[in-house]
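Input: a single structure, listed below in structure tokens.
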Amino acid sequence: MLDLTGKNALVTGIANNRSIAWGIAQQLHQAGANLGVTFLPDDKGRFEKKVRDLVEPLNPSIFVPCDVQNEEQIESAFGTIADMWGKLDILIHCLAFADKEGLSGEFSGISREAFTKSLDISTYSLVRMAKSAKPLMKEGGSIVTLTYVGGVKVIPNYNLMGVAKAGLEMSVRYLAAELGSHNIRVNGISAGPIRTLASSAVGGILDMIHHVEQVAPLKRTVTQTEVGNTAAFLCSDLSSGITGQIIYVDAGYEIMGM
Ligand SMILES: NC(=O)c1ccc[n+]([C@@H]2O[C@H](COP(=O)([O-])OP(=O)(O)OC[C@H]3O[C@@H](n4cnc5c(N)ncnc54)[C@H](O)[C@@H]3O)[C@@H](O)[C@H]2O)c1
């Protein structure tokens, strides 16, 4: 039923084997998609090697650097897609960043620099990538981003990232409204807490997970694979009528009032 054969998918945000993007890449590959992978370059090339070794079994046909704060790298990544694939069907936006000062302590104390950087990387990057993806999604397409309930409700320590996610979720709606006439769908997955590199920077992530395990209807949090399965569904024709939505993959936590 879920067949992505013949679809070209660009996956951003793989840092290591705990990354949600890694769970998504595996499920897209299993469904038959042809993968392209971006990595965040660093001076010593450590991320590149780590991500390259990790994704090798999935045979990505494109593997390129893409720091979303770097215009040249964004242009170059989508230029490579145009040259090698000619068209893009799926864009997975699975990245975020906030300085430590934005993820604990007093919200009112967050600096202008930290605020701007976080929203640039975590929120604007979706809009920027959608701009480059649009002309390549000639046969329509699906854009999926990752968000968290901390973008609609106050979660202790999520602070700055909550603002970034609120902006991201609204960007999903505005992009969906614009791109719908090109048969490009834009949706977000609001995932339950999962231990990853990024989430470990949020103060008290383990407490969040334990809280979800007690309160969520399913009495547990979710896995990368479960998020990956929902992403594959949102990228497939099975979800052809869904756009502009935030789908909760959180073991039901979001419905609970207490
Ligand atoms: N882990 C959770 O509990 C959870 C829950 C809901 C949503 N999310 C969201 O899932 C997404 C993926 O996070 P994760 O938890 O898998 O952590 P992760 O650390 O594995 O992934 C974060 C990614 O962001 C990338 N990144 C940071 N700055 C970048 C930049 N300037 N340019 C390009 N890439 C950059 C990193 O390289 C990394 O690959 C994020 O949007 C996060 O907010 C995570």
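A Cβ is built for glycine as well, from the same backbone N, Cα and C atoms used for every other residue.
Not measured: the values here are computed from a predicted model.
Contacts of Arg195 (NAD(+) binding site) defined by a Cβ separation under 8 A and a same-chain sequence distance of 6+ are given as Arg18, Ile205, Leu206, Ile209, in order along the sequence. The secondary structure of Arg195 (NAD(+) binding site), as reduced to three states from DSSP, is coil rather than helix or strand. As annotated by TrEMBL, NAD(+) binding site applies to Gly13, Ser19, Ile20, Asp67, Val68, Leu95, Lys165, Ile194, Arg195, Thr196, Leu197, Ala198.
Taking the Cβ of Ala98 (substrate binding site) as reference, residues of its chain lying under 8 Å away and at least six apart in sequence are, in sequence order, Ala114, Ser118, Ser122, Asn159, Leu160, Met161, Ala164, Ala201. Summarising the annotation, TrEMBL assigns substrate binding site to Ala98.
Taken residue by residue with DSSP, Tyr148 (active site, proton acceptor) is part of neither helix nor strand, so it is coil. Sequence-distant neighbours of Tyr148 (active site, proton acceptor) (same chain, 6+ apart, CB under 8 A from its CB) are Ile155, Tyr158, Met161, Gly162, Lys165, Ser190, Ala191, Pro193. Marked as active site, proton acceptor by TrEMBL: Tyr148 (among others).
Neighbour count (other Cβ atoms within 10 Å of the Cβ, all protein chains): 28 for Tyr158 (active site, proton acceptor). Annotation comment: TrEMBL describes Tyr158 (among others) as active site, proton acceptor.
Farthest C-alpha pair in the NAD(+)-binding residues Gly13, Ser19, Ile20, Asp67, Val68, Leu95, Lys165, Ile194, Arg195, Thr196, Leu197, Ala198: 23 Å apart. Less than 6 Å separates the Cβ from ligand 1 in the case of Gly13, Leu197, drawn from the recorded positions Gly13, Ala98, Tyr158, Lys165, Arg195, Leu197 in sequence order.
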